[in-house]
Amino acid sequence: VGNYKRTVKRIDDGHRLCNDLMNCIHERARIEKVYAQQLTEWAKRWKQLVEKGPQYGTVERAWCAFMSEAEKVSELHLEVKSSLMNEDFEKIKNWQKEAFHKQMMGGFKETKEAEDGFRKAQKPWAKKLKEVEASKKAYHAACKEEKLAISRETNSKADPALNPEQLKKLQDKVERSKQDVLKTKEKYEKSLKELDNATPQYMENMEQVFEQCQQFEEKRLRFFREVLLEVQKHLDLSNAASYKNIYRELEQNIKTADAVEDLRWFRANQGPGMSMNWPQFEEWSADLNRTLSRREKKKASDGVTLTGINQTGDQVSQPNKHSSSLSVQSNTVQSVQSSYNPFEDEEDTGSTVSEKEDNKIKNVSSYEKNQNYPTDWSDEESNNPFSSTDANGDTNPFDEDTSPAMEVRVRALYDYEGQEQDELSFKAGDELTKMENEDEQGWCKGRLDNGQVGLYPANYVEPIQ
């Protein structure tokens with residue numbers, strides 16, 4: 001009696017399992033969305049880095065194909081997220097709403113119906129069972145009383161002090177108890193027989209209600225199986241034709257990379273095959289294209305200033321974005337050495353992952369393909385930056401400004417593009433280190449965070465408080 005509550009509880013469990021399945025799908029959809037966003041961000045960041053970097057030609061296109069693959073896969077995972085939430089999640093939600101009906105007093109209508117059905121089917125049989133238990137209890141009590149009366153009678157026969165009248169009472173008690181045993185036994189057997197007769201009908205009624213609960217649960221189980229299969233189809237990208245095409249296209253793009261073609265292009269655009277702008281005679285003009293350098297102003301050194309020299313890289317007609325003006329900063333080696341190591345142990349530093357990602361973006365390449373390469377040259381050994389003394393660090397291009405000063409961190413107020421090889425370039429807001437104080441012409445010597453050392457206008461920066 002009452003064990004049907006386990007079956008009734010299964011209805012409430014079914015409603016809760018619908019919520020669990022919806023939460024499960026919702027979490028997976030959120031993971032798909034985050035993954036798609038990360039793929040998009042990765043593709044965007046690296047596409048910019050590769051396009052600005054020194055790689056060129058067909059190999060660059062093959063490299064960029066990975067970013068295109070990420071963007072397309074990102075779209076597919078967004079579609080997965082959309083399918084999970086708009087189709088599977090909503091389907092479960094709607095089915096749950098149709099299958100379970102809440103009551104004003106709490107609980108579900110289906111639970112109450114099952115509870116009432118079981119109770120109604122069990123009530124007649126439970127009533128007869130109660131009668132059986134009562135008659136059984138009366139029969140056992142009569143048997144106990146009979147045994148006790150017989151024991152007393154037996155003991156009294158051995159007692160000489162007991163008079164015949166008392167013995168007669170004990171014998172009558174035994175006789176009455178025997179009669180009670182017979183009566184209660186008959187009643188017990190009768191109630192038990194009635195219970196046995198009612199049992200088949202009871203089982204039929206209970207099984208009928210149980211089958212209704214089974215059918216309700218079967219609908220839920222079949223629905224769950226159907227939904228899980230749909231979720232599987234939405235998650236499985238291996239059979240999606242568009243997914244296979246992405247990697248087929250990626251393979252084709254990589255295979256189109258041609259080293260010979262890239263070398264031929266570089267020779268024609270950046271090597272001996274490029275358009276030449278040989279020096280020609282030019283008349284003197286009052287509007288000089290170049291002014292005296294700061295060092296020439298300060299030192300007033302003798303020499304000839306060449307004017308009207310146009311850098312070859314600026315004159316060449318570039319067929320596409322891959323062409324770039326020739327320029328190597330004097331500190332290229334320093335920049336390469338200070339570049340970020342992507343395999344460095346992140347636990348050794350206190351910076352966050354996002355900070356490290358920013359560092360990777362800034363320092364992933366030692367130079368960009370659009371840098372301006374200076375074409376100034378000199379056959380004088382003292383001015384050769386690649387002389388043996390320079391290479392050994394015995395000379396310093398800033399020797400004339402080597403007055404000792406404490407280094408100070410400053411912030412750029414305006415953008416400045418270096419006009420000469422020994423000048424720094426920076427953007428408003430960039431931070432750098434001032435190494436020497438302002439000179440007579442208003443220039444300071446400083447160092448960028450990437451290690452490049454050079455001059456900059458003193459009034460373009462302010463100290464960092």
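Every residue, even glycine, has its Cβ placed from backbone N, Cα and C.
Whatever TrEMBL says is automated annotation, not expert-curated.
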TrEMBL annotation of coiled coil - which of the ranges 167-198, 423-454 it falls on: 167-198
Cβ-Cβ under 8 Å with the coiled coil (167-198): same-chain residues at least 6 beyond its ends: 124-125, 128-129, 131-132, 134-136, 138-139, 141-143, 145-146, 148-150, 152-153, 156-157
Integer average pLDDT (0 to 100) for the domain 'F-BAR' (1-262): 91
Helix, strand and coil counts within the domain 'SH3' (405-465) (DSSP): 3 helix, 28 strand, 30 coil
